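J.: Dropping the structure in here first, questions after.
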There are 2 protein chains.
Amino acid sequence: MGSAAVDIPHPFDPLTLGEIDTAISIVKKAHGDIFFNVVSLQEPRKAEMTAWLADPDTAPRPKRVAEVVVIAPGGKVYDGLVDLAETKITKWDFLDGEQPIITMEELQLVEHIVRKDPRVIEQCVISGIAPEDMDKVYCDPWTIGYDERFGSTVRLQQALMYYRPDIDNCQYQYPLDFCPIYDADKGEIVAIDIPKVRRPLSQAPALDYHPAAVEKRGGYRTDLKPINITQPEGVSFRMAGREIAWQNWNFHIGFNYREGIILNNITFNDKGTVRPIFYRLSLAEMVVPYGNPEHPHHRKHALDQGEYGAGYMANSLSLGCDCKGAIHYLDAHFPTRAGGLRTIENAICIHEEDAGILFKHTDFRDDSVIVTRGRKLVIQQIFTAANYEYVVAWIFHQDGTIQPEIKLTGILNTYAMDPDEDTRGWGTQVYPGVNAHNHQHLFCLRVDANVDGPDNTVFVSDAVPSDAPVGSPENYYGNGFYNRRTKLATTGEAATDYSGATSRTWEIANTNRLNPFSRKPVSYKLVSREVPGLLPKEGSLVWKRAPFARHAVHVTPYKDDQLYPAGTHVPQTSGDTPLGLEAWIGAGKESVDNTDVVLWHTFGLTHFPSPEDFPVMPAEPMTLLLRPRNFFAGNPVMDVPPSFVRVPSQVLKEEREGGEMGMENGGGCWEGVVRDGVSRLAFSGEGQGEGEGERNGGCCKR
Amino acid sequence: MGSAAVDIPHPFDPLTLGEIDTAISIVKKAHGDIFFNVVSLQEPRKAEMTAWLADPDTAPRPKRVAEVVVIAPGGKVYDGLVDLAETKITKWDFLDGEQPIITMEELQLVEHIVRKDPRVIEQCVISGIAPEDMDKVYCDPWTIGYDERFGSTVRLQQALMYYRPDIDNCQYQYPLDFCPIYDADKGEIVAIDIPKVRRPLSQAPALDYHPAAVEKRGGYRTDLKPINITQPEGVSFRMAGREIAWQNWNFHIGFNYREGIILNNITFNDKGTVRPIFYRLSLAEMVVPYGNPEHPHHRKHALDQGEYGAGYMANSLSLGCDCKGAIHYLDAHFPTRAGGLRTIENAICIHEEDAGILFKHTDFRDDSVIVTRGRKLVIQQIFTAANYEYVVAWIFHQDGTIQPEIKLTGILNTYAMDPDEDTRGWGTQVYPGVNAHNHQHLFCLRVDANVDGPDNTVFVSDAVPSDAPVGSPENYYGNGFYNRRTKLATTGEAATDYSGATSRTWEIANTNRLNPFSRKPVSYKLVSREVPGLLPKEGSLVWKRAPFARHAVHVTPYKDDQLYPAGTHVPQTSGDTPLGLEAWIGAGKESVDNTDVVLWHTFGLTHFPSPEDFPVMPAEPMTLLLRPRNFFAGNPVMDVPPSFVRVPSQVLKEEREGGEMGMENGGGCWEGVVRDGVSRLAFSGEGQGEGEGERNGGCCKR
């Protein structure tokens, strides 16, 4: 049995090492040696959880239950639940023809098999690699996705093949043109997809980003001076376990193998009233479809979270590299395949950043001014999905805005091409012999809404001109325009697409509560502009397997266990049977009007690679906002101390008392203003030492 | 005559104080006492300028010429040029029926007149204001825009009226319901627009953001700990006059009364080759149409740059408030109305910021990793257009991306409403008695392209599915998609709208130069997602006066003096005669294929106010990117020193030498890595002092 936790975990806390160990022991005892794919917290049942949150002293504490997914000998997959308090298995279902998530350990195995397989060696030789160089052959194993030749009963991976002549080379510059298929149960290569036209190994010189290569090209640039970010008085947030309090925000930071960061019970203290906003926020799924229709590239579409897990693939983060300033880290704990324990240290980093100007206004009459700087809180993780890295940040602003932000970096997935080959528009030659295929990154944000309570309604909100023509009495000068709001009353109606032409947003409203001034329902608005839509066609394999990507927004009534919009067990689904969102929505008749709703938002970008992206990509950010609209009865950040303020009465007083000096004499910070004593002129002629006091600095000098 | 400049100005430099003074003296000598609206650098003729830039030692230096716009007695407007070297007037045109830009001094006059006007006092009394309280009556004077009752020969302002019972109150919470019209030539109120239904002065208590009001509500929050940003070794950029060199970038920073910041001759040093990218970037115009069609609100549409000037309205910026860190400032010099000189100190701030992760990749096999932090350079100004503030930042990234960013803050323009009045969808009651009308902020980015030389071509770029149906041999699995590029060959074809459905971007390409790997034309791509389109209808007054806002993109062949897309003299244009872009484009037959082109991009947002925005708005950002695509032959930032790197060969060595320790022993920074010695754990139990060395910090510890 594992070590006992000193504190009782919060019901939203991920399973502790001890709890994981307990669950494993119970399962092993009942079922013997077995491979563990998942041992993870079952989300507390919402009814129990909300009762407990409302009254933690009296209401029953929600049970700690472990979801367990295992692969038993013979490739038999079981999906179970373990009640941790009662130390018993309460569910144990055999999954017939379903494949659970692929763990990092399963992925790691394939390369060793591939290197020894005679048929693979034969193909490598055809490509131009000597048999004794097989240690320089690498593969990125992906789930096969779906291939109708094999179906879903055999657990398969496809091995995307590369050659790496030097261990420090960027592997993706020497892709090989064939694709072995690995049977996980047999532990062997069962097929190789070989293209009709062969492409021998590229002979281009290596283009690398590692230090020795950079040194060879002339070395690193030496003209970047350090920017230091320090918080001498510490951070402005407090942690109680995994609950964070920062400014008016309060929420719980969870983490699981699949979604990575999970934010629960997000509330905002509105002048003493703690108002619920979201019950749960997470990235619930993603899909990266590639746009080359030639066999077998159609299989390249990664549902990375369901297939590999944003938690399982999380990086261990380091100070001053992944984040700067004063950082708090949280670890992540998982089972190993054999039933041991593993910890990803520093899987989550939490820190504050200066956010630029929060608000400012100058009166043009007298130059009286207020300027207040903003602050943001960032909850961040990074995960590596083979070639790509995803930097996922949940940014909280003081004004009530939540801003999920994703940065893409890492390396393009690549395929071999001949020097004179036409990519036919399906990809770009980013380097000689390297074809990077068109692809999309589509993420599904799951918003379990709780805007002033669970009963919410989603409206689509469009900016449209007045219907009345120019010259008509209602719109004589033609300038009339308004906000057209359309209620999404059923799950069917709620399947909606983005409209750039109308600057479409979606409002998550509580129609039971009106703003006292605007008399509109209190709401949070989803403002998202990177909404490309799924490019694989209706009826395509990707379209079938990733139902969440068919529309920008879906809305469903909340149900326990409806967490994963492409289904619970994603590898090797065909999509022929409705899965996830498609299954839940069905005929689309269910009401989502004034009830506990979940909004699913698919956003992302379409990437047509170019040589700038190679051999490693400068980070490309995308972001969206969840903004309070008609939620507060006024600007909620007026209590943030200003950096500089000079009110009209001061200007007047100075003018009267200062005579000729007028307003040019500057000066006059309001008492209590937050002075920045460390900013300096760039070329003041003096060293910009730290802690120099306010000489040449300070906010009162202009 | 003015003081002689010590240094010869760069041809792109704004006029010096001495040059402004010279121009004024010459004009005064020739034309007597006169009001000066504009004394500003005439842009160097491009042919002369490019010849000089190519060969500054031999080619003739472009002339310094002042553009002068004056109002002579009787309201007569003249538009002239003064050759500063030859000290002579080379052009002096009478403008019949055109109104030049309104200066801050002209705006300031109106309030004094309004307060004394008996008919205005009468209306104030009707609103409920005692005649002895007229010193508490304020107005925001706007150009009338266009009103067919008055035409454009009389210089007019409309006075948006407010009551401010306490000088420190937010003025916009007590709007008055009538609108006096001011004749600048007569210096008096010539009409008052009075609504049919009267709205007496609001009796709501004041809601203020000034410190005394915040103190009364309980005071400022005290839980924000300082974040200090310091550059102990100084900044990483160099200035030579107004030319800046930073990383591989080099450009000139200009400024004028109208566009504010102007960036000229932007080049990127690509491994020793200085490659031109943009000849000139600026915000050339903007329009803020309001959406209430009721008289006289249809007149509320501010073409702020042409009507008042983003330079004239610039804030004087202060250290640690508007920017943090090590800041370099540039001043702006303008004439006064009477022919004196005025300086806005610190009109531009220039500084660097940490930009988060520039690139990162981890090999999942061995946890070998590289993480490199990015840096950005920010050239920023802020201008106050009566109620609103616009924070305009030109952000340069190391990877060749230029990111114009605008933040909106300040205060909503408001109008009076009765407590029970229906806003009819044209506005929102943001506070009792305060109706904030729907509006848009549309900005016109002028991109004078120079991508590897002046001959450029613009393509519209859409992400579209393969035409072949699912199941067809060409697209069997339905996943095919590609980048459809459409050449915009003429000015008519180039008038194009945004398409969210196809993630539309625009490529500014040099078709004469192909990327060596992708074999696609070198290009810069305009990636812009906040592109709402003009909501006032076709044929509306706004549509006529702001031709740039009719489409997201226009392209014109470069011509000297085609700078301002809503016309040169904007106040009181009717739009009935083609102006600016509309006049230049005409029938749309002119070629923009492989020639010196200018791209005009209109972007922005639509704002349906809500109480959160009142009485002062938390800043709302919008941004776009100009990104190199197929421009470089590889990632251009591989020479930025990494924060952490551990290559596979190191991991292998550690595994071999460290035996059981394996990769868990961490450590092993590559020599020469840039260490961040100041980042700290948030709750390390030790004071996070500055300069503590690398205890608990440094990038090598995980």
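Every residue gets a Cβ built from N, Cα and C, even glycine.
Got these off TrEMBL a minute ago, pasting:
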- A:10-93: domain 'Copper amine oxidase N2-terminal' (DOMAIN)
- A:100-201: domain 'Copper amine oxidase N3-terminal' (DOMAIN)
- A:227-638: domain 'Copper amine oxidase catalytic' (DOMAIN)
- A:ASP304: active site, proton acceptor (ACT_SITE)
- A:TYR388: active site, schiff-base intermediate with substrate (ACT_SITE)
- A:TYR388: 2',4',5'-topaquinone (MOD_RES)
- A:683-702: region 'Disordered' (REGION)
J.: How many Å lie between the Cα of A:TYR388 (active site, schiff-base intermediate with substrate) and the Cα of A:ASP304 (active site, proton acceptor)?
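T.: Their Cα atoms are separated by 11 Å.
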J.: List the same-chain residues at least 6 positions away in sequence whose Cβ sits under 8 Å from the Cβ of the residue listed as 'active site, proton acceptor', in sequence order, or say none.
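T.: Once residues fewer than 6 apart are set aside, the residue listed as 'active site, proton acceptor' is near A:MET286, A:VAL287, A:VAL288, A:ALA310, A:MET313, A:ALA385, A:TYR390.
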J.: Using DSSP, what's the helix, strand and coil tally for the domain 'Copper amine oxidase N2-terminal' (A:10-93)?
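T.: Per-class counts: 24 helix, 29 strand, 31 coil.
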J.: Quick one: what's DSSP say for the residue listed as 'active site, schiff-base intermediate with substrate', helix, strand or coil?
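T.: It is in a strand.
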J.: Quick one: give me the count of other CB atoms within 10 A of the CB of A:TYR388 (active site, schiff-base intermediate with substrate).
T.: 21
J.: I'd like the per-state residue tally for the domain 'Copper amine oxidase N3-terminal' (A:100-201) from DSSP, helix first, then strand, then coil.
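T.: Within the domain 'Copper amine oxidase N3-terminal' (A:100-201) the tally stands at 32 helix, 27 strand, 43 coil.
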J.: Looking only at the domain 'Copper amine oxidase catalytic' (A:227-638), what is the mean pLDDT?
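T.: Mean pLDDT for the domain 'Copper amine oxidase catalytic' (A:227-638): 97.
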